[in-house]
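Step one of this worksheet: look at the structure below.
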Amino acid sequence: MAEYKDTLNLPNTSFPMKASLSVREPEMLADWQAKGIYQKIRKARVGSKRFILHDGPPYANGHLHCGHALNKILKDIIIKSKTFSGFDAPFVPGWDCHGLPIELNVEKKVGKAGSKISPREFRAKCREYAASQIDIQRDEFQRLGVLGDWYNPYVTMDYHYEANIVRALGLMIKNGHLQQGFKPVHWCIDCGSALAEAEVDYEDKTSPSIDVAFSAVNPSEFLNCFGNQLAVKPLILPIWTTTPWTLPANEAVCLHPEIDYALIDADNSYYIVATDLVESVMARYGISHYKTSGSAKGRVFEHFKLQHPFYKRQVPVVLAEHVTTESGTGSVHTAPAHGPDDYLVGQFYQLPLINPVMANGCFAENVELFAGISVLKANETILAVLSERNVLLASESIRHSYPHCWRHKSPMIFLATPQWFISMDKSNLRQAIINEIDKVNWVPDWGKARISNMVENRPDWCISRQRSWGTPMPLFVHKTTRELHPDTLELIEKVAVMIEKSGIDAWFDLDSSELLGDDAKHYDKITDTMDVWLDSGISHYSVLKHNNDLDFPADVYFEGSDQHRGWFNSSLTTAVAMYGVAPYKTVLTHGYTVDAEGKKLSKSKGNYVALDKLVNQHGADILRLWVASTDYRHEVSISEEIIKRNADAYRRIRNTARFLLANLFDFNPASDCIDAKELLELDRWALKRCQLLQEEIITAYDNYHFHLIYQKIHNFCAVDMGSFYLDLIKDRQYTTAKDSIARRSCQTAMYHMVKAFTIWLAPILSFTAEEIWQTIPGNNSESIFIEHWYDAWPTIDAVNMEDWEQLHIVRDEVNKALEETRQRGEIGSALAAEVTVYADAKALPKLTRLGEELRFLFITSEAKACPISQSPKGLAVTDCGVSIQVTASAHEKCARCWHRREDVGQNQEHPELCLRCVGNISGYHEERLYI
């Protein structure tokens, strides 16, 4: 038997089947860095319209986790896709560097500032630590294939950035938004500092749930409000609270003006309780025999006096809208020093603002009964005092959501302390922000309602902190009037210049007389630092407005859903406070990373997926494919099994690219591309399909629907290519003459397709796309990322896509019939079969038009199409209106193409070949029109 293998055009490529991503990716990353690919991308887009995605700065502390990877990869996909669309899309990464987590890590090593180490030395250690963390995270982000200006990032501890934070504060002062006040703020005892809303986590906590009797000083004035002649006896207004430790600061009891309150006659006392709560309250007190003796609105009791339950002072009844009947008694214990609602009520009624609790969380020494006791341990003592005085009506434990410090995970308290605030209402800032929210595109759209609700309900923003490592508030306050220095704005700019030169130590080391001269003796120098959310929040000012390569406002901010209360909020608030407009046009939000069951990832739960392990084991491109495969608008599941599924999808994509490349091994696009008019119809269909798909993919990129791109590309590889086009072209590609029109037509199509396909992949599978790009024949650009979306398509005459869709459907039905025949043992491969398709009037012309090439559609040795009317009796009709008859071929098998043909053996020189193969190896170019 002659050997004909060498007469075939068998595929050949240096592009390996095994990806070995964990080895190749670092090599490619080093090559990108050595060649300065990011800088070359920027140079290639000079003068183009800009697209600015502004990076929300991660905190410079610790190694990256899967949530970081999700965020940065999503951003990278956007930046790269916009670059392919022709935009100048720079990416300037950032890091958030001040604040408590860094302080805590430094404290573990050197102790607290002011004890074992000076504050100045402590700040230097914090700066050093943050810089080391940036180096770690920079390498880890780059390992993910994220391109950006990594060695020119914005860093909130850079001197020029710190100076701009100070300048931003000055601009907000100029616009009338800063005020000082003695207000209740979230206070972390462990931090020893106020915290912002964004630094508060709500977790379940067990607390005492108690009802306390406040007795009427003059029961008669209460009873008279019910309009009946009632016997005078003790009258109680009971309150319900889960924070007994706040009772020493009680200054009032609050009712709702429009709620109906019932007068309950029980035993030897009256009780006034919200009508809707009477039954539950009486049950809680164990009182089964009682009667309702009247009803009145809460407003009628305003200013009546009650006796404090354990102090010799009287407190008034006051009114407010925040009182509800969802729980409790309808009467709310009010301590202006320990809650925002209480504070506002206290301001309205001019109640005393007395704070009995010190910064360390203990009652002050002058607090009667509880001096020196920690508020976190005081509840038991307070309950004992209440019980001793017979004013504890009910007591139990309750599990409820309670604010905790985001860093220490410890319960927080509301504490009235002297702080600095951005007023939400003083200069109509709240309404201005709400107006700007309406102008922003929120994706998903529920983000608008979420941030609107937060802005509408947020208290004034406490921006001062009592910390060592942070940007200072460079303010001087008059010792007597407590007013800011009249030259505050000029002084702030002077300090900003100093910080720009020497960093924040310039303020902390400053002697007031250096700026104020003789005035210094009249002013206190403020030592507070600023909220880190203000640091990152003014990046629109320090970065977008001060970097000539960027624009304000940004086109996109893109972060996790928790940033509606964090960076989205602080950025919006500061931008509107500074110059009246939102800092972004579109806000995209992604969900949290969770496990396969939707549970939070946790090392203690054993479901934590380590990012470095994933990258080292599978490669960054598998992780990038996972990101693209998810609908990021919801929670994003990750597990080893999910990653393995993505690895399977990756292999299909890689194998598709490898097949295309392997069949271009002898193709020179400069000389071997054929004219579009000579392309076979199947190749024209494939090119048209790619062009249409590219339009869909670009639209999906523009709409940030990356999971749809994943689905489209996977379907393209599996269906359009794998089970159809690439299957059909094998015979033509391998068996026809090397330089034949039939073969070059296929190669021309594959060349255009692989170039387009690779660019589609590049925003997602960045390393793999670059590897493919460098293997494509021809003179290609140095990096795929300098390219645009593919636009060098040949001009394709009209292709009837519906006809080919019908042929595809019929082929699928034929494959089913072939498989059934194979299962019965009647044939081996499809080439051992001959097929007759009986088709209806709609399908028949589409099949008969292919003539002798119909067999190449089914990859059988013979095929013909006949009218459905000629179908043998009993032959089933498929859903697409055809009947299929499969028979085993009786002819000999060609040793070269493996088709079983009647003419095998008719050529004496090549007795093992069919005449088609004889012609192909003898220099005769087989002619094809369709397949």
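For all residues, glycine too, the Cβ spot is worked out from N, Cα and C.
When DSSP labels each residue, the motif ''HIGH' region' (58-68) comes out as 3 helix, 1 strand, 7 coil, counted as helix, strand and coil in that order. The motif ''HIGH' region' annotation in Swiss-Prot covers 58-68.
When Cβ atoms from all protein chains are considered, those within 10 Å of Glu559 (L-isoleucyl-5'-AMP binding site) total 21, not counting its own. Under the heading L-isoleucyl-5'-AMP binding site, Swiss-Prot lists Glu559.
Annotated motif ''KMSKS' region' per Swiss-Prot: 600-604, in sequence order. Averaged across the motif ''KMSKS' region' (600-604), pLDDT in this predicted model comes to 77.
Taken residue by residue with DSSP, Lys603 (ATP binding site) is part of neither helix nor strand, so it is coil. For Lys603, the entry in Swiss-Prot reads ATP binding site, with the evidence type sequence analysis.
Same-chain residues at least 6 positions away in sequence with a Cβ under 8 Å from that of Cys914 (Zn(2+) binding site) are, in sequence order, Cys894, Arg896, Cys897, His899, Arg901, Asp903, Val904. Annotation source Swiss-Prot lists Zn(2+) binding site at Cys894, Cys897, Cys914, Cys917, citing sequence analysis.
Listed by sequence, the residues of this chain that lie at least six past the ends of the motif ''KMSKS' region' (600-604) yet keep a Cβ under 8 A from its Cβ atoms are 65-66, 592-594, 638. Neighbour list (Cys917 (Zn(2+) binding site), Cβ cut-off 8 Å, at least 6 residues apart, same chain): Tyr4, Thr735, Cys894, Arg896, Cys897, His910.
The separation of Glu559 (L-isoleucyl-5'-AMP binding site) from Lys603 (ATP binding site), Cα to Cα, is 23 Å. Listed in sequence order, the residues Thr735, Ala895, Arg896, Trp898, His899, Arg901, Val904, Leu913, Leu915, Arg916, Val918 complete the 8 Å Cβ shell around the Zn(2+) site centroid, once Cys894, Cys897, Cys914, Cys917 themselves are left out. Candidate binding-site residues: Cys894, Cys897. Fewest other C-beta atoms within 10 angstroms, Cys897.
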